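Peer 1: I have a structure I would like to understand better, so I am pasting it below and will then ask my questions one at a time.
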């Protein structure tokens, strides 16, 4: 089975240079507390439930051939283990309260979709960004097929990655992708495990590999009070020291937001980021100046 795509976002302006199409692949090895695309974490299809649209008529409960839908205390619930994605509940829901995320493409069909906006790429210096989930933790024959076909058509290819994938995957893609948008969240390993569920050893190793191979790298840092932002800028200073020896084109500082919070209800999952906060504008400017003082081309935002 080919990797699943949860969204092909057209006219994106925050995922690399110019106007771009961003392909969001499904499946990620990290579980970041602040993740704004929680439906992208699993590698399988999922049914999303929009409670605001649901009239509680219970037609879906009665019609589901696999008995996967049941009435909970306050809303209609779904047993994902029983669901076979037959779409019967979608067909019978007059309010469109359910949708399935995760669509399979062939390499050729996906590139055809990407190519539809080619005129915008050419006019703006844009292209396609392969994102996720985690694009580098997918079937790499498929991903390399997409990259190579796009490159053969003159389409600029960026890779948006959290860095947590096999090192050989990065070695394989380093010479054919035009740009890596590489997330660095924390240098402190214990904190990284606490907030993402995984060690950062592999992430820090892979960005060094890309640098050694001469890849074009833009570092992207989500800035979150209580995670990697504090009064003394301790974690930020660690990041700067780590990045100094590397071949880095630019640094993007991404202030925390919770605009994806509503998605958690749709997959029957609790949002664990309630206590997280966005840094003040003054703190963002302070951190920006720290990076600039070490000669990094730095901006706030994507």
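Cβ coordinates are placed from backbone N, Cα and C, and glycine is handled just like the others.
Straight from Swiss-Prot, here's the annotation block:
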- 14-297: domain 'Radical SAM core' (DOMAIN)
- 28, 32, 35: [4Fe-4S] cluster 1 binding site (BINDING)
- 34, 35, 36, 133, 183, 184, 185, 257: S-adenosyl-L-methionine binding site (BINDING)
- 45-74: domain '4Fe-4S ferredoxin-type 1' (DOMAIN)
- 54, 57, 60, 93: [4Fe-4S] cluster 2 binding site (BINDING)
- 75-103: domain '4Fe-4S ferredoxin-type 2' (DOMAIN)
Peer 1: Write out how many residues of the domain '4Fe-4S ferredoxin-type 2' (75-103) are helix, how many strand and how many coil, based on DSSP.
Peer 2: 5 helix, 8 strand, 16 coil
Peer 1: Considering only the binding-site residues 35, 54, 57, 93, which residue has the minimal Cα-Cα separation from residue 184 (S-adenosyl-L-methionine binding site)?
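Peer 2: If we rank 35, 54, 57, 93 by Cα distance to residue 184 (S-adenosyl-L-methionine binding site), first place goes to 35.
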Peer 1: Which chain neighbours of the [4Fe-4S] cluster 2 site, leaving out 54, 57, 60, 93, have a Cβ atom within 8 Å of the mean position of the site's Cβ atoms?
Peer 2: 55, 56, 58, 59, 76, 89, 92, 94, 95, 97, 98
Peer 1: Taking the centroid of the Cβ atoms of 28, 32, 35 ([4Fe-4S] cluster 1 site), which other same-chain residues have Cβ within 8 Å of it?
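Peer 2: Those within range, site residues removed, are 30, 31, 34, 37, 38, 40, 41, 162, 196.
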Peer 1: When you rank 57, 60, 257 by Cα distance to residue 32 ([4Fe-4S] cluster 1 binding site), which of the binding-site residues ends up on top as the closest?
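Peer 2: So, of the listed binding-site residues, the one sitting closest to residue 32 ([4Fe-4S] cluster 1 binding site) is 257.
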Peer 1: Looking at the binding-site residues 35, 57, 60, 93, which one has the fewest other Cβ atoms within 10 Å of its own Cβ?
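Peer 2: The binding-site residues 35, 57, 60, 93 were compared, and 57 has the fewest Cβ atoms within 10 Å.
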Peer 1: Ten-angstrom check, please: count other Cβ atoms within 10 Å of the Cβ of residue 185 (S-adenosyl-L-methionine binding site), all chains counted.
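Peer 2: Summing over all protein chains shown, residue 185 (S-adenosyl-L-methionine binding site) has 25 other Cβ atoms within 10 Å.
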